[in-house]
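Colleague: According to TrEMBL, the protein carries these features:
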ACT_SITE  169  active site, proton acceptor
BINDING   28, 91, 92, 121, 122, 123, 124  ATP binding site
BINDING   122  Mg(2+) binding site
BINDING   167, 168, 169, 204, 211, 212, 213, 267, 295, 301, 302, 303, 304  substrate binding site
BINDING   475, 532-536, 570, 577-579, 633, 659, 665-668, 739  beta-D-fructose 2,6-bisphosphate binding site
DOMAIN    21-326  domain 'Phosphofructokinase'
DOMAIN    406-691  domain 'Phosphofructokinase'
REGION    1-393  region 'N-terminal catalytic PFK domain 1'
REGION    406-788  region 'C-terminal regulatory PFK domain 2'
């Protein structure tokens, strides 16, 4: 492993000794809150602080007594996979009064607590900030009443607040995703996928109501993720006469051999006069105007329930650790902050700036300034809306531009969930841009064999929820067949290429770029979208399909751990896919609460294995009953899954027994997660718009000619931005022997997994969030909007 950089600030320099941190969940519950609580408790204990649970939110803080209890390492075991919040949440009218806050302050001072980690919505966080502002005055009153000693005012002079937003509605400005949103989308999409099969059987129309009284995020993203026919959200009320337009669209879709219609409605949907649009109104409208068999389904609290998704567990764990770091670094002059997600990076933002912008959204909606409300929601929300409109509403042929360009799309490498959503998006955006779209079956193997045919708008209907690759995909690289591929491109007059796939797709584009010197047919705009469960493509933090694979791993680990419930102590050794890339093992380990994850990028030897066994043995002597160890399939030639299983079995004899499981191709299968559907849809739309732009720029004298580096690109997620990067420039960043990037961002998450598993380790905090300000409109080029 590389030696620590002396310029970096390491975690050992930060100490929580003498500090007391309390964590509470307030307002509505959200899946993933428990993962955040667990991270706060374990990180707090790790730095030497005392950590307290405040049960039942602010009500527990006001009531005191047994509601405020000291937390131990073991008290947060087995809560990572539990939905809701195990420490309870409650609305508290008393805390809104001065007298209630005085009681709360007294209860905190009695235990020496001056650091609060609040997990809740904007109301909970606003209350926390008011409490912080009143703190010194409250302590003065407590002294006057003789409830605390005078020296306590000096000793506990400042209350420090760090917030994390837990809300399934994703209605808080300043963060791309709130804890619980992704899990709620999982519940919605599970229901929609199930409903679509019965709706198709009976040729029915379904009207689904999802949560979102003031925010249409869940409705909008679930409509994108399932290809709904119509969506109604509070931020963008439909124009007058929308009823007729909606019925026309439903009728046209049914006439086009579509056997079902899906309409998604946010519970707060309104028209331009701020009048509610109800599911019953829509049902009656469809029945009256079209005579379609129509059913209403109101999802209700199903959306809040169930186990948290892999995304929410990772997000909550990262935010919980970041919250503790923020509390350690805070001073008397530091404003209360909220830990947020921007793209793929944690940031800290002033709490009240975020709250004020969130309130501005509602004010804009109340005053019918709906376009402004959409912009205030943030670039991610705005892009979701634009993408939905682009894909869902087909313009009449007469209104489409005529570009006379032919664009081919193909999948290369192993199948990955979300590929079909990306193809659907590419086809529909391409048609909207006036191009003729061609689908290539079976990757470059199908290309050189001539398996190319035009693909129309209706041909990709219903593709978003399909797993695998409906176009077919092969690992064949183009180099050996470049002459035949050039012939096919000439035959079909292909003017641009969109390739969706993993490392083979990256190598393919490099080969086609090099072939430009010999074959002019490849002097066209070419773009690659990363699509692989291994997440091993250079130039991107995330790949289409990786989130679905992580969820498969985490769900299986949950079941495996549950199988040991009530039995003697047991350790499970799980083998994951990924080639030489340890992403699935490491990030899956963080999401599943693993004790260790063995990967190729972090070499290990027999001493490390022995240390891990001893560590688990010590943990098993306490109340912890189960251990989980993940191993990447190619982490070491000699320390195989069987070897590690036998070693643990032998060394743990008398303390725990062992079981092993190879997850295999189940990680590649299944319906794509909401994240992968949305990610694939949005980056594919962006790629097609880039291709259209490059086609216009490179069209000269009646033909397309593109031979510069910037016309052969990979579109990837880098920290906060979606960036087009010339593939030839990514060669230096790539280890071609092991098919991985030389630098991988997720390696910084490995210490978190170790810390949360009670290992002593170095943690680089030089890249942790610094206090920033809320940006109202990010520049387009830094438009991450990837976290859905």
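Glycine residues also receive a Cβ, built from the backbone N, Cα and C atoms like all the rest.
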Colleague: How far is it from residue 668 (beta-D-fructose 2,6-bisphosphate binding site) to residue 211 (substrate binding site), counting Cα to Cα, in Å?
Modeller: 31
Colleague: Hey, of 91, 92, 534, which of those binding-site residues are within 10 Å of residue 167 (substrate binding site), Cα to Cα?
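Modeller: Close binding-site residues: none.
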Colleague: What is the biggest Cα to Cα gap, in Å, among 28, 91, 92, 121, 122, 123, 124, the residues listed as binding ATP?
Modeller: 14
Colleague: If you take the centroid of the Cβ atoms of 28, 91, 92, 121, 122, 123, 124, the listed ATP site, which other residues of that chain have their Cβ within 8 Å of it?
Modeller: 26, 27, 57, 120, 127
Colleague: Going by Cα-Cα distance, which of the binding-site residues (92, 121, 475) sits nearest to residue 302 (substrate binding site)?
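Modeller: Closest by Cα distance to residue 302 (substrate binding site) among the binding-site residues 92, 121, 475: 121.
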Colleague: Would you find the one among the binding-site residues 91, 295, 304 whose Cβ has the most company, meaning other Cβ atoms within 10 Å?
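Modeller: That would be 304, with the most Cβ atoms nearby.
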Colleague: Can you check which residue among the binding-site residues 167, 534 has the largest number of Cβ atoms within 10 Å of its own?
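Modeller: Compared across 167, 534, the most Cβ atoms within 10 Å surround 534.
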Colleague: 570, 665: which of these binding-site residues has the highest Cβ count within 10 Å of its own Cβ?
Modeller: 570
Colleague: In terms of Cα spacing, which of the recorded positions 28, 92, 124, 169 are within 10 angstroms of residue 211 (substrate binding site)?
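Modeller: Near residue 211 (substrate binding site), where near means Cα within 10 Å, the recorded positions are 169.
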Colleague: For the recorded positions listed here (122, 169), tell me which residue's CB has the most neighbouring CB atoms inside 10 Å.
Modeller: 169
Colleague: How does the model score the region 'N-terminal catalytic PFK domain 1' (1-393) in terms of mean pLDDT?
Modeller: 90
